[in-house]
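Participant: Taken from TrEMBL, the feature domain 'MTTase N-terminal' covers 32-148. Here TrEMBL flags 41, 77, 111 as [4Fe-4S] cluster 1 binding site. Under the heading domain 'Radical SAM core', TrEMBL lists 172-406. The [4Fe-4S] cluster 2 binding site annotation in TrEMBL covers 186, 190, 193. Residues or ranges marked as domain 'TRAM' by TrEMBL: 409-475.
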Ligand code: SAH
Ligand code: SF4
Ligand code: F3S
């Protein structure tokens, strides 16, 4: 496998590197059209659904055909240098289109817009509009401004904005799973990370609006929601009507109670914040999926300190023990960074050993990419040579392959309740679904006109690779 490609993985594997375009149901309703591509984490994809809603209300329909667009939007990511390069390359591809299409506007949204602000307009002459993650409500006004030939920028960050009253337009979705943002921003200051600078201070969304959105999704036939935040365990909202404090555990329970038929997932948990209360809540509700994404970043306490992660190796291992104790069936995955500043071979071995200890089912693995303005960029030297970073990353990737295979082999002979998402990617004679642990399980259709999408099926695992389980329907 190509290490660079792995190093550039985004948060949600299913959507990795994929650009998606929300598409209005009836494009003929609108006289103007926008085309949007999203990069980066699930939160950016969720934001694009909010943007689609704002633009629909301003008279723009979505199109999947870039040639038809009056407005091209790139919802961008700054997490690693490679993510920014991908967007810049994409922009140059739009150059010719812009030259031959009078009036075509190009807008940069998201984290890169926030990081580079008006500087982007100087660097990228093609760009007409620059809008940061907290300023999407101003998009219609900025588009009007840009239509008069001015460059339009709004990168103000907010302490309050959660877009709670905007119903996201779920267009390119499979109709079964949806993302629901529960908070924005991040108050942690992991030294390697650009997110606190691009997304601003942490704020939690009104719990009622979250429950309203989830209820609406259930009514529309959705079967799974993923509650999204950079650090979901620090969700905190005060219900002034009832004088009740809504923590993440409380919210999770409220969402689980919306419908027993609805699967509930969440991402991401910071190891320092996930509480026993959350684990007990997960144990109490069958429909809260037994899967926790618990980014470790490094297995070395010294490196974790430099990263400002606020936990030690031992503390993290104790958290894994606690999850295994309270939720024996729970899947665990991680994010891992290879080659952070000053990382020695010994530190790297600590990362490999914590991976073995935790027995991750899956990981997102990256090599360190220095981001301007972060604490690490200001305080430490990015001193690990690229070849060493890549070699260490490859060792991490190889080990994860073994761990994933071992984890899947443990499932042979077991029966899982699977939510069917659609055809298997490899063959439309097979169904593809996920287990509660978020593993992909493929099983044969009984006939080509069988309708199982969006239903739960019990499947017994008979075979596996390191990425996929295969099985047969159990009677
Ligand atoms: N809020 C989440 C992570 C969001 S970013 C959390 O705290 O877990 C997703 C992942 O990208 C991080 O977990 C980290 O592994 C990786 N990442 C972030 N900044 C990076 C950088 N500068 N270089 C390489 N990987 C980075
Ligand atoms: Fe970045 Fe750390 Fe916040 Fe995650 S918790 S978004 S890694 S600063
Ligand atoms: Fe990227 Fe911004 Fe998400 S930097 S990972 S799109 S929060």
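Placement of Cβ uses the backbone N, Cα and C atoms for every residue, glycine included.
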Participant: Quick one: Cα separation, residue 111 ([4Fe-4S] cluster 1 binding site) versus residue 186 ([4Fe-4S] cluster 2 binding site), in Å?
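Facilitator: Each residue's Cα considered, residue 111 ([4Fe-4S] cluster 1 binding site) and residue 186 ([4Fe-4S] cluster 2 binding site) end up 13 Å apart.
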Participant: DSSP-wise, what's the residue breakdown of the domain 'TRAM' (409-475) into helix, strand and coil?
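Facilitator: Per DSSP, the residues of the domain 'TRAM' (409-475) fall into 2 helix, 34 strand, 31 coil.
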Participant: Highest CB neighbour count within 10 A among the binding-site residues 41, 111?
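Facilitator: The residue with the densest Cβ neighbourhood is 111.
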Participant: Within the domain 'MTTase N-terminal' (32-148), how many residues are helix, strand or coil going by DSSP?
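Facilitator: With helix first, then strand, then coil, the domain 'MTTase N-terminal' (32-148) has 62 helix, 24 strand, 31 coil.
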Participant: Reduced to three states, what secondary structure does DSSP give residue 193 ([4Fe-4S] cluster 2 binding site)?
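Facilitator: It is coil.
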Participant: From the Cα of residue 77 ([4Fe-4S] cluster 1 binding site) across to the Cα of residue 190 ([4Fe-4S] cluster 2 binding site), what is the distance in angstrom?
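Facilitator: Counting only the Cα atoms, the answer is 17 Å.
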Participant: Specify the secondary structure state of residue 186 ([4Fe-4S] cluster 2 binding site) as given by DSSP, simplified to three classes.
Facilitator: coil
Participant: Could you tally the C-beta atoms, other than its own, that fall within 10 angstroms of the C-beta of residue 77 ([4Fe-4S] cluster 1 binding site)?
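Facilitator: So the Cβ neighbour count for residue 77 ([4Fe-4S] cluster 1 binding site) comes to 26.
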Participant: When the Cβ positions of the binding-site residues 186, 190, 193 are compared with the atoms of ligand 3, which fall under 6 Å?
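Facilitator: Once distances to ligand 3 are taken from each Cβ, none falls under 6 Å.
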Participant: Is any of 41, 77, 111 (binding-site residues) within Cβ reach of ligand 2, i.e. under 6 A, and which?
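Facilitator: Result: none.
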Participant: So if I take the binding-site residues (77, 111, 193) and measure from each Cβ to the nearest atom of ligand 1, which come out below 6 Å?
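Facilitator: Cβ under 6 Å from ligand 1: 193.
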